[in-house]
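Everything on this sheet refers to the single structure shown next.
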């Protein structure tokens, strides 16, 4: 077999690209006819496939299956599809492929059917005023949907309208807009509106337009200026912080910007700084206000020189101009002013105990309204103790009563009063002055010996000393230091006793020679440090006790009597010994009472119509001995009106010493109802008696009021024999029922 060469493809089956113009209106339109010479005509069936036939967009192309003619069935748009690639097939009548599939390419030829489109309808740009020519602002560019390889998409730009002056130009190829001339002034034209055109076919085809808005940015090229040269204002005197008025300026620069905001300065006419000026940020006005209160009587008018400039500096390109100045005339109006106390508070001094009518001071005010004839009157606004009287016309303050010290109305030794001064204007005004009165202390009290009794060991040395003290109702410097000495009227005392200073308020009494036991009365002279000195001779009751080895008193009962005296180490030991002795006495008294309990119990069980209080005995007296078992006179309780409050108080028979200053008699109650107060007063009287030992009991404690409704104890009257009652539970009721437990338990 001979070798076969390359297979030859027939020309009729190779289809070159077919071009067809978009927007072709003659439909259907024959594009091409394909042929296969494998069979005779009429024996071949042709078909095509691909986009535009059986793929989207379907139905644009079709073929006559017997003749092979390809037709265009719809208008084409190159901007949607610029070419179609189809496949052509040739089959015999039996469906057998006669030719290999071949490509059929249909190219859509562009037409200038699209106008240029700007990327936005309005372009916005900014440029500072006074910009140099050639300063570019923005680019207004457009696009064209036509074939960019043809003139259909070649664009050219131009400015159709920009107003007078021709201040801007546009690059015809790129669409960039730049300044063309100098002289851009925002104060003349702040915004430029340009109409920009784009045309295809290199400027000869379809066109479209857009708007370019150019804003001029402000620079500080205009200084502020006053609207007029002079301004007039009025303000009331004594008004501080109020606005007087405004000065108005005009600035051509952009309102609200730093180039527009003004700054004001008061150059002349206000050396004391009575006025201030600030800028209203919304209106750019200068607001003048009062910085210090004005006084019409001192100065009734001001003439101020005010300047204005911008917050920021002017641009170097701004035209030179002098600094803007204006004159502001301010008139101060006279108004009624309140009186003034020049010295407030007024501090004065008054001697303690000054008699009523004593002149304290003349506290007056002055009226600042010297150009008005007004009369001032005065009144006491605050006088808490009602100590003062005030002349309403002269303002003289006098005492109404004696000024006492100490007093609850004093504050730090001073009495505070308020004085009101009022004028007679319409409406009247007033002022308040503070009067501070210091009550000077007068040395009118001598020092008092504290205590007035004591116990001391009768042996010189360690135990023969006693600490003495004194008090003084006067305040410093009329009190301490105190001077203690033996009475000069009794020089013989110095042989047995001596007094030495311990501190400013105390001294030490010492025994110089051994002294026998017993009571002694030493007259002492006490003197304070006031001016003039106050001194008083007072009696000191001394009990000299038997001294032990350690220099302490061995007689406990005598030592117990000194509990109201100055406390020393020896006294503390005596008190402890007295306590032990007291317990022994209590035991003896309880044994004595127990021997008579049968008779006492019958007295308790006896039901009598007499006053139940007649049968109350002193069962809980612990320390008085048998002398305290006598019943008191019950008539003092039944008829207190018969006993004068000035009657001499009953004296305890067991009192070893008599006080140099006897206690005041205890006042009986006017009625029998206040039982508790009566008993408490008796207890206080007993506790306060410095001449007797502390018995811890009231002198009269059986007062129960008249008409007592107390009934006999049922547990007692129910039986008359001890065997019928069990009183052991009384021992569980505490110390108060211990005596009854001893009697009946």
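Cβ from N, Cα, C; glycine included.
Predicted, not measured: the structure shown is a model, and the values here were computed from it.
Taken from TrEMBL, the feature domain 'Cadherin' applies to 12-118 (among others). Note on the domain 'Cadherin' (12-118): mean pLDDT across this stretch is 87.
Helix, strand and coil content of the domain 'Cadherin' (119-226), in residues and according to DSSP, is 6 helix, 48 strand, 54 coil. Under the heading domain 'Cadherin', TrEMBL lists 119-226 (among others).
The domain 'Cadherin' annotation in TrEMBL covers 236-341 (among others).
Sequence annotations record features per position, and here TrEMBL assigns domain 'Cadherin' to 342-449 (among others). As a summary of secondary structure, the domain 'Cadherin' (342-449) carries 0 helix, 48 strand, 60 coil according to DSSP.
According to TrEMBL, the feature transmembrane segment maps to 571-591.
The region 'Disordered' feature in TrEMBL is assigned to 648-672.
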For the domain 'Cadherin' (12-118), the number of residues DSSP places in helix, strand and coil: 2 helix, 49 strand, 56 coil
